[in-house]
Structures are given as structure tokens and as C-alpha cells.
Amino acid sequence: GNHTLLTDFVLSGLSSRPELQRLLFFTICLFYSMTLIGNLLICLVTVHPTLHVPMYFFLRVLSFLDISTASVVVPKMLVNLLSEDRSISYSGCVTQLYCVVSLAATEWYLLAAMAFDRYVAVCRPLRYAAIMSTRVCLALVLLSCCGGHVVSVVQTAWVFTLPFCGPRRVDYFFCDIPPLVVLSCADTSPYEKQIVSATVLVILTPFCLILLSYACIISSILKISSAEGRHKTFSTCSSHLTVVTLYCASGTLIYLQPKSSSSQDTKKILALIYTTVIPTLNPLIYSLRNKEVKEVLISVM
């Protein structure tokens, strides 16, 4: 029952070196500002009448999730970089963990839905409007959100049923599953297996579905006789595939790497990329590689 006596945790942050604190603060603050501005622009641009298609609807939801993920992690991290008090309340840690896992899982399921949308657009173009109706798009987003919520509730619940009877210092810059499990004085091997199972469910399963969709897409692209048509179709899909690759690489390296194969500092860097850098890159990837988005951006600016 010792874990019920805990009222807070202490986040160690990104670095213990005082000379790096201000540099990290301004660098992360810059990335966070770019995340907010870039994703808000995507949200505003994709409501333009010429972009009322499922792909841009999903892109708008993805931008909202990116803003939410960064906002759950970054503000607290920025405060901790300039403050000696790096504590986070027990309930605050529970809330942060739930939000991070829920948003990350929802984003992965949404990326799978986006891959399905590209599959229908390329492989079933004549039935695209009928298959990807407004009702279907809303249902896919709702299912993604519900899936993320269920995964997060289960993961958060079992983490905080662990007995935390050791130090309350979390060697991380936000409340996440691996650094919290380390604090438990119980046998955590069953929980570590659950982390692997959850990673397979949340990351690798959608990733396999995405790969399957793109295998069918590539097969269809190769059948297009026009070189210009092949290039245009592949260009439309490559932005989404780039984002998926970035998420999968960082996510799997964080949660599936054996403890002995990487330092905690390496995992912090990967988590920083996942929560701060990638949400900044998404608008750049989609806007710079998408002719329609660029044309609307130019027209409204």
C-alpha cells in the first residue's frame, strides 16, 4: 500500500547540466511554436472548398492530434527546464500518461485509416466516393479515438496499480510507461511483457496493415502507363509513408529495445523526436510535398 502514499513524482528532465538548460529551453520552445503554427495552418487550409476530400479531413485530424501531443508534454518540460522544482503531482502524472498513450495510439490507428484511404483512391478509384463517404470517414476517426482510449485506460490502470515504494524520481521528461515501471519495487517482468504486447497492438499491427495497403498501391502504380501519372500518384502517397516511417522508427526504438542495448539518454532523445520534432515536421512534409496544399496556402496568404 506504499504507492497510495505518493503525492507526486519528480521528473529528471532532458539533462542535468545547468549550462544546457537555457539552450534546450529556447530550442524546444522554437519547435513547439513551429508545431502550433504549422499544424494550425494545416487545420485552417484543409477546410478550403477545394480540399474537401477524405485525405485532407484525415490530415486535419492528424494535425489536431499533433498539437495535442506536443501540448501535453512540452509546456511542462519547458517549465521544468527553468525551474528547480520539477515535481508533478500523482494525479498529474496519471493524466499525462493517459493523454500521451491515448493520443499516440489514436494517431497510429489514424495513420492506418489514411493508408486505407490512399489504397481506395489508387486501387478502387471508380468506387472511391462511395466507399470513402463522410459517414465512413467519421466512423474511422471515431474508431481510432475509441481504440486509443481503450489502450490508454488499460495501460494507465496497470501501471498505477504497481507498488511504488522506491525513489519518486522519474528519469524522463514526462510520465511514460517504461520509466514509471522501473520505479516499482515489485517484479516487473510481466509488465514489461505487456509493454511489448501493447507496442505490437498499437504500432506494429497498424504498421503491417499500412505496408499491406502500400504493397497494393505500388502494384497499381506500376500498372499506370503514363510516367507522369505514376509520379503524381506516388507523390501523393509518399508524404504519408514518410510520416509513418518516422513514427514507426522512433516508437519501436523506444518501447521494443532491450534495456541493455541503449542508454536512458538515447531513449530520451527518441522520445523528444517522437513528441516534439515529428509534430513539427508533419506540416512541412505534407505542405512542401503536396501541390494542392501549397496552392491553397499561397492563395490565402
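Each Cβ is built from the backbone N, Cα and C atoms, and glycine gets one as well.
Summarising the annotation, TrEMBL assigns transmembrane segment to 23-45, 57-75, 95-116, 136-160, 198-222, 234-257, 269-288. Residues annotated as domain 'G-protein coupled receptors family 1 profile' in TrEMBL: 38-286.
Between the transmembrane segment (136-160) and the stretches 57-75, 95-116, 198-222, the greatest number of Cβ pairs separated by less than 8 Å involves 95-116.
Among 23-45, 95-116, 269-288, 95-116 has the largest number of CB pairs under 8 A with the transmembrane segment (57-75). Averaged over the domain 'G-protein coupled receptors family 1 profile' (38-286), the predicted model has a pLDDT of 85.
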